[in-house]
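Database features, via TrEMBL:
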| type | residues | note |
| --- | --- | --- |
| DOMAIN | 1-54 | domain 'RING-CH-type' |
| TRANSMEM | 86-104 | transmembrane segment |
Amino acid sequence: MKLVGGSPESGIPIELGCSCKGDLAAAHKECAETWFKIRGNRTCEICGAAARNVAGEFMEQGNETSDGSPPAPAAEQQRFWRGHRFVNFLLACMVFAFVISWLFHFNGPG
C-alpha cells in the first residue's frame, strides 16, 4: 500500500505499524481501512506482519461466512481438498482407461 497523490482530498497519511520501512509503511487512513476491511484481516501483503495502526472493528466481520455459519476448521478443509484430489485422480484414470480401450477396439483385428 502506498501514498498516491499529494492532494488533501486523498486523506490523512498514517503509518500502518507493520514491519515495512519508508514509503511502503505509509498509506492514507481511509484507503488502509478500506483495503484491510475488504481483505478481512490486518496482515500486510508486503511484509506479512500485522498492521497495528489501522482501526479495526470490521476485522472480525470480514471472516464470517454469508450464511452465518462458523467457518470450517482447517483440518476439515484439508480433508475436503484431499477428497477432491482423489476423485480427480479417479476420473483421470477412468478417462485414460476409456481412451485406451477405444484405441484397441478400433485398431484391433477385424
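The backbone N, Cα and C atoms fix where each Cβ goes, and this holds for glycine too.
Small disclaimer: the values here were computed from a predicted structure and weren't measured.
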Mean of pLDDT values spanning the domain 'RING-CH-type' (1-54): 79
With DSSP helix as H/G/I and strand as E/B, how many residues of the domain 'RING-CH-type' (1-54) fall in helix, strand and coil? 18 helix, 8 strand, 28 coil
